[in-house]
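Beneath this line is the structure, given in structure tokens, with notes to follow.
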Amino acid sequence: MAQVHLRNVVKKYGVLEVVHAINLDIADSEFVVLVGPSGCGKSTTLRMVAGLEAISGGEVHIGGRVVNDLPPRERNISMVFQNYALYPHMSVRENLGFSLKISKRSQADIDKAVDEAAEILSLTPLLDRKPGALSGGQRQRVAMGRAIVRHPEVFLFDEPLSNLDAKLRTQMRVEIKKLHQKLKSTIIYVTHDQVEAMTLADRIVIMRDGHIEQIGTPLDVFENPVNTFVATFIGSPPMNLLDGVVKEGQIEFGDGTCLAVPPAYSTYDGQAVTFGVRADNIMPVGHALPRGEHMAEVEMTVDLTEPLGTETLLFTVLAGTEVQAKMLNPRPVRSGERMTFQIMLDKCHLFDADTGATLKK
Amino acid sequence: MKRLKLPPWLVLLLPAILILSAVVLIPLVLSLYSSFTSYRLTRPDSIFNWVGLFNYEKAVTDAKFWAAFGRTVLLLTVALNLEMLLGLGLALMVSKVTHGQRLLRTMMMFPMMFSPILVGFQFKFIFNDNVGLVNNALQSLGITDRAIPWLVDADLAMFSIIFAEVWTATSVFGILILAGLYAIPRDPLEAAKVDGCTSWQSFRYVTLPFLMPFIYIAMAIRSLDVARAYDIVQVMTNGGPARRTELLWTLIGRTGYVDARMGYANAMGYISIFLAIFFTVYFFKKLTKSRKELGMGA
Ligand SMILES: Nc1ncnc2c1ncn2[C@@H]1O[C@H](COP(=O)(O)OP(=O)(O)OP(=O)(O)O)[C@@H](O)[C@H]1O
Ligand SMILES: [Mg+2]
């Protein structure tokens, strides 16, 4: 097992720089998820760690070695690709055993390792089939099996679940988590799905445009986003953001609506801010929000509802901006209905209106 | 009066049927028929002289025929394998080139643009023992002071013919294999790298299986080509000296047109066609199998 360090790692395609001097320290047997919107450089970063993409600047360390100039096969990693990348001309058994065969292990060793991996991933009945005769989920499991037979120091996953349907994705997510608990290897996992990131990660790395925006545990990035980008990217639905100005203990929004300033932010008088609040912290009165001291009440009209079963999302307008609120213990709501909502000011965030950076409490 | 009414499908097919019978069916039947007669071009009425299987018996007991047959198989085996290896090497190199790849691809096709007759003349000149390029070069480099009889010595003549054949047709393999290389998905190759393959192992276990269908297509095309090889040999050695480079079709051509024994030539022709059919069927079987291995349909 191994630690992975990225030191000022840069990737350039010609003059175009797509990864800008990123730093990342990954502990032994940690599960780190790189997440970010499409095109932000997640795959590129992962592929540099794998050795499939040349590193334009900086250093990548795996298990204490600088691996910049080592080919993939000397890095002791294995990778699961988004499109499975199975060898179509080999049976499942051969696919699984290929890396061991290449490293000249004995047939008995190979068989044992393959059977073991097949057992873990319930692939045993499929061992003699070709990848062409497998479903998407089965192919995905083979791709994972191929990665685990070698017991590498580091696993790299590049959006391994994005080609699966929602149900299978949830199922495989659990499988991957179990696998990590069993194998205890270091995992770097790329996804653009923040739910996957939240559920799988020990730590989440949020990237945008080739920069790392924030690194932290799932709860940490959820509760303390460093800027509006992270605040809207992590968590579903995204955090509601409203622009306003702090004035004498009140935030005044563009249309003149005022809300009390969240208590932790009392020192920002006169500053233009972005006020952030999650749907979880705006609820109709009487809907399972603990009654606290710092509570604001507003009356709003519900435009649209999205019932999700255990909860219902309510789309309303606050101070001229569309916001989403949540209702636990749902009851049917008519659109156009006026309701009184409570906003939990303790849980609200203030960001700098210009930079989007979070303001210190 | 009732007019004869043909079913519409027959009416629609009739033009095609007529043309096909004129250009394919009638010559085929006629030549097959004549192979059972003692037909000589010089005595047209001999076409009615039925001799049964006599021509075929004569052919299969004729040492000259089997020698030509063997030589054709030899040429086919050696030339195809050489072309495959060289074409593969060429394609691999061209695919690695980053600048001017288009130009190289076009240049690769140059040998295919010349008529085999011209190629034959060209190599006849190159391998000429007195004025030829090869001997001149060897002599001025001081490697030898003799005039090596490239087109006269039996082995050397065969070598020269194979050389010319390979020169013209390596690009067939080159182009098809290059097309194959472009069609290989990137993912399995990257997976192989991560799985620990050296470049040779990636080539051996991933690239090559993907290329096999393309190689077999080239093989099928070229086996038909070489099995009917005539022009280059005819020009370079005329099957000689003393029939030492005689191939099936130079022998058949000579028997039919020079000796005018068309009935016998046609009989040998029909036997020879089996050679071509055999190789084509063989390579198509291989092609289907290799495609199936890759999961590319039946
Ligand atoms: N070969 C290349 N040449 C030039 N630019 C490239 C190349 N490969 C990727 N890029 C650019 O690098 C950036 C990062 O790409 P990358 O594949 O890492 O994105 P990603 O975060 O994995 O996105 P996705 O979620 O869509 O997979 C993109 O803007 C992309 O256009
Ligand atoms: Mg990607």
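If you go along the chain as it appears here, the first residue is 1 and each next one adds 1.
Glycine is treated like the rest: Cβ placed from N, Cα and C.
No curator has checked TrEMBL annotations; they are predicted automatically.
Marked as domain 'ABC transmembrane type-1' by TrEMBL: B:69-283.
The annotation transmembrane segment is assigned in TrEMBL to B:12-33 (among others). Counting same-chain residues at least six beyond the ends of the transmembrane segment (B:12-33), those with a Cβ under 8 angstroms from any Cβ of the stretch are 6, 266, 269-270.
Taken from TrEMBL, the feature transmembrane segment applies to B:73-94 (among others). Through the fold, the transmembrane segment (B:73-94) approaches residues 101, 104-105, 108, 158, 161-162, 165-166, 169-178, 180-181, 211, 215, 218-219, 222-223, 226-227, 229, 247, 275, 279 of its own chain, all at least 6 residues removed from its boundaries and within a Cβ separation under 8 Å.
Feature annotation from TrEMBL assigns transmembrane segment to B:106-127 (among others).
Taking Cβ pairs closer than 8 Å, the transmembrane segment (B:156-184) reaches residues 71, 74-75, 78-79, 82-84, 86-88, 90-92, 94-95, 105, 108-112, 114, 116, 119-120, 122-123, 127, 148-150, 206-207, 210-211, 213-215, 217-218, 221-222, 225-226, 229, 232-233, 236-237, 241, 244-245 in its own chain, all 6 or more past its ends. According to TrEMBL, the transmembrane segment annotation covers B:156-184 (among others).
Residues 76, 79-80, 83-84, 87-88, 169, 172-173, 176-177, 179-181, 183-184, 188-189, 192, 197, 276, 279-280, 283-284, 286-287, 290-291, 293-294, 296 of the same chain lie 6 or more positions beyond the ends of the transmembrane segment (B:205-224) yet place their CB under 8 Å from a CB of it. According to TrEMBL, the transmembrane segment annotation covers B:205-224 (among others).
The transmembrane segment feature in TrEMBL is assigned to B:267-284 (among others).
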Remote residues contacting the transmembrane segment (B:267-284) - C-beta distance under 8 A, at least 6 residues beyond either end: 31-32, 35-36, 55-56, 58-60, 65, 69, 72-73, 76, 216-217, 219-220, 223-224, 227-228, 248-249, 251-252, 255
